[in-house]
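**Q** Please find one structure pasted underneath; my questions will follow.
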Amino acid sequence: MRAPSMDRAAVARVGAVASASVCALVAGVVLAQYIFTLKRKTGRKTKIIEMMPEFQKSSVRIKNPTRVEEIICGLIKGGAAKLQIITDFDMTLSRFSYKGKRCPTCHNIIDNCKLVTDECRKKLLQLKEKYYAIEVDPVLTVEEKYPYMVEWYTKSHGLLVQQALPKAKLKEIVAESDVMLKEGYENFFDKLQQHSIPVFIFSAGIGDVLEEVIRQAGVYHPNVKVVSNFMDFDETGVLKGFKGELIHVFNKHDGALRNTEYFNQLKDNSNIILLGDSQGDLRMADGVANVEHILKIGYLNDRVDELLEKYMDSYDIVLVQDESLEVANSILQKIL
């Protein structure tokens, strides 16, 4: 007796199942080959940084991906309990430019305010034009630049003192400025606060202005410590000078060592994410005695062609003309 023949619909269903099975098998083979190839190349099944879309942008430059992968894996393994952030402020947490226009540093916020006379502003601009060129000169060494930075800061601070700026006007000065924090700053600060991660902002700018910027942005959380050049006001609230040792872009090593007590309180926080935008910022973690893993992220904002090689030699990750905190936030997302 002949078995009843299958109707066309049943045949189609069987064919579809068989076809899907073949596709799944082929896809599985392709995936296995991909993983095998990755494993053979890197010694592991996958690379975390290859799976993070933020790392695939053209602005992200990494000289040694294997080293960066190892550091990030160490940071992830250590988790929140071992992490601390050490970061510069001007042009690192704040924007270098927006829609083609330069954004102000903490010093520029004061320089550009309506309380500063036109004559003083002209002198401050002349100082900036002279000394900024020295600061970013790719040929001069840090040691050669050092005395010029002291000259620049000392002269500009002297001019500001002559303006008799009132402390009561700082809030208004910041509110009226064009300062902007980098895209993603809320996520950055809020996530670190939620997980009680210490944030050490080490700035050669003006501390009073810096604090007002992050206060007005709503991100001056209790886990944030600011070390910078703080204004000294007289009993009537008028600027009379600056407190303590001068911090400029190339003496952060000395400043870091002066803050050893702070870092000693965080002796269990042996994993560091460091963010900066200059060669001097690389020394900001010098006060940390027990570093286990440190990831150095550098923003290269200006003179890219001249400085890229030097930055890639010194920073683990270089972000070229990047006005966001996307990369840092993506790493924090993996750790926390």
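Even glycines carry a Cβ here, placed using N, Cα and C.
This is the feature table in Swiss-Prot:
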type: ACT_SITE; residues: Asp88; note: active site, nucleophile
type: ACT_SITE; residues: Asp90; note: active site, proton donor
type: BINDING; residues: Asp88, Asp90, Asp277; note: Mg(2+) binding site
type: BINDING; residues: Glu135, Ser156; note: N(7)-methyl-GMP binding site
type: BINDING; residues: Glu135; note: CMP binding site
type: BINDING; residues: Ser203, Ala204, Lys252; note: substrate binding site
type: MOD_RES; residues: Ser278; note: phosphoserine
**Q** Taking the Cβ of each of the recorded positions and counting other Cβ atoms inside 10 Å, which one has the highest number: Ser156, Ser203, Ser278?
**A** Ser203
**Q** Express the distance between the Cα positions of Asp88 (active site, nucleophile) and Asp277 (Mg(2+) binding site) as a whole number of Å.
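**A** Approximately 7 Å lies between the Cα of Asp88 (active site, nucleophile) and that of Asp277 (Mg(2+) binding site).
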**Q** Checking the contact step here: among the recorded positions Asp90, Ser203, Ala204, Lys252, Asp277, Ser278, which have a Cα within 10 Å of the Cα of Glu135 (N(7)-methyl-GMP binding site)?
**A** Ser278
**Q** Near Asp277 (Mg(2+) binding site), which residues of its own chain have a C-beta under 8 A away, given they sit six or more steps off in sequence?
**A** Asp88, Asp90, Met91, Thr92, Phe96, Gly298, Tyr299, Leu300, Asn301
**Q** Helix, strand or coil by DSSP: which one applies to Ser156 (N(7)-methyl-GMP binding site)?
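**A** Ser156 (N(7)-methyl-GMP binding site) sits in a helix per DSSP.
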**Q** Given Ser203 (substrate binding site) and Ser278 (phosphoserine), what distance in Å do their CA atoms have, once rounded to a whole number?
**A** 12
**Q** If you measure Ala204 (substrate binding site) to Ser278 (phosphoserine) at Cα, how many Å is it?
**A** 11
**Q** What is the number of other Cβ atoms found within 10 Å of the Cβ of Asp90 (active site, proton donor)?
**A** 27
**Q** Fewest other CB within 10 angstroms, which one of the recorded positions Asp88, Glu135, Ala204, Lys252?
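**A** With the recorded positions Asp88, Glu135, Ala204, Lys252, fewest surrounding Cβ atoms within 10 Å: Glu135.
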**Q** Helix, strand or coil at Glu135 (N(7)-methyl-GMP binding site), per DSSP?
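**A** Note: Glu135 (N(7)-methyl-GMP binding site) is helical by DSSP.
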**Q** May I ask you to report the DSSP-based helix, strand or coil state of Ala204 (substrate binding site)?
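**A** Strand, per DSSP.
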**Q** Using Cα coordinates, what distance in whole Å links Ser156 (N(7)-methyl-GMP binding site) and the residue listed as 'phosphoserine'?
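**A** Cα of Ser156 (N(7)-methyl-GMP binding site) to Cα of the residue listed as 'phosphoserine' measures 20 Å after rounding.
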**Q** Would you list the other residues of this chain near substrate - those whose C-beta lies within 8 angstroms of the C-beta centroid of Ser203, Ala204, Lys252 - in sequence order?
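**A** After dropping the recorded site residues, what remains is Asp88, Phe89, Phe202, Gly205, Val227, Ser228, Ile247, His248, Val249, Gly255, Gly280, Asp281, Met284.
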